[in-house]
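If you check TrEMBL, you get these features:
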type: TRANSMEM; residues: 53-74; note: transmembrane segment
type: DOMAIN; residues: 126-262; note: domain 'Peptidase S54 rhomboid'
type: TRANSMEM; residues: 135-156; note: transmembrane segment
type: TRANSMEM; residues: 168-186; note: transmembrane segment
type: TRANSMEM; residues: 192-213; note: transmembrane segment
type: TRANSMEM; residues: 220-239; note: transmembrane segment
type: TRANSMEM; residues: 245-263; note: transmembrane segment
type: TRANSMEM; residues: 292-314; note: transmembrane segment
Amino acid sequence: MAGGVPPQREIQIKVHSKKGGNSVYPVEPATTTAGGGGGPTGVYREIKHFKKWFSWLIPTFVVVNIVTFFVTMYKNNCPKNSVSCFAGFLGRFSFQPFSENPLLGPSSNTLEKMGALNVNKVVHEHQGWRLITCMWLHGGVFHLLANMLSLLVIGIRLEREFGFVRIGLLYIIAGLGGSLFSALFIKSNISVGASGALFGLLGSMLSELIINWTIYANKIAVLVTLVVIIVINLAVGLLPHVDNFAHIGGFVSGFLLGFVFLIRPQFGWVSQRYASNAYSTSAKPKFKVYQMVLWVISLILLIIGFTSGLVMLFRGVDLNDHCSWCHYMSCLPTSKWSCKTEPAFCMSEQTSSQLTLTCSNSNKTRSYPYSNLSTSQIQGLCSQLCR
């Protein structure tokens, strides 16, 4: 019996649910085998341009942030450096008094020693590294938990989609952008936290949707959802003691970086590339014109923005002098709270039996039945008095 004509190999495109069913990507048959008298069986594999990555970098970032917090608390050593501590049973890991740090964390002095963003030290003591180190520090347990949960939800999804290299670079650069923007406005207080980098990831999700617009289904629903989430998060930044400048700077940086790092080839180009010559027709461009335009504009804006920002920072420019209303972007004063967050300074008078402090900001005075206190212990009492 003569053998039959072998069936032609077909390139098949399957639509898979991804990102909540809002994107499609092609797969191709990896092998074609003939089963015992039956037809060919296709074993499909995902094309590398749209493959899912194993997420390990974002979980590593989470671990680094948690370890750094424990090191910070160990160095803080509240029982030695403060006259009272919260959760004293934790020993040197106990927290500063709730009136001093309601986030359950270390003192501002400890955070500054660990690398918090202090503009004066960055500009006048050439400690530019604080623009990066402040991203790995947190003000307390509540601050740490909120940021790390957000990082796991947002970051793992992005790393699985785009890989650790692009998401890692995006996280660091967006965090730097948040620190830089914050430093141009906030001159007197220290700043810590991964919020700038997190908002960078959030901004990149929006730009990724825009630059890859043609490969999405349910575009409007996804866009509206993202915008609502972004608006809510930025609105929270209007509360006191939250550095919304870092949020805004990180978001804008991440938004522009998303156009640069998260651009995808068009669906038609990918499917054509993996099709045989017999099935290819006219050549299709890898990227659409609007994608390339957004890529170029975003890259130019990033270079100009970071360069001009760093120049202004190290020249000691205070953007509040050029924008009388910009401070409202970080804190909106109401009858319920005040936006005054000047650092605490106190005049001290110590006798053999007591210590008297007078807050320079509010002129409040209080006496304490302590003697022979260390400088850090006096500063802790001053912080509580001036709140």
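Glycine is no exception: its Cβ is also placed from the backbone N, Cα and C atoms.
Note that TrEMBL annotation is computational and uncurated.
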Would you mind listing the long-range same-chain contacts of the transmembrane segment (168-186), meaning Cβ under 8 Å and 6+ residues beyond its ends? 57, 61, 117, 119, 122, 130-132, 134-135, 155, 158, 194-197, 199-201, 203-204, 243, 245-254, 257-258, 261-262, 305-306, 309-310, 312-313, 317-320, 326-327, 330
Quick one: find which recorded stretch in 135-156, 192-213, 245-263, 292-314 has the most Cβ pairs under 8 Å with the transmembrane segment (220-239). 192-213
Residue counts in helix (H, G, I), strand (E, B) and coil for the domain 'Peptidase S54 rhomboid' (126-262), per DSSP? 105 helix, 2 strand, 30 coil
Let me spell it out: take the transmembrane segment (135-156), skip the flanking residues so only those 6+ beyond its ends count, and list any with a Cβ under 8 Å from a Cβ in it. 55, 58-59, 61-62, 64-66, 68-69, 72, 95, 101-106, 111, 114-116, 167, 171-172, 175-176, 178-179, 192-198, 201-202, 205
Model confidence over the domain 'Peptidase S54 rhomboid' (126-262) (mean pLDDT, whole number): 89
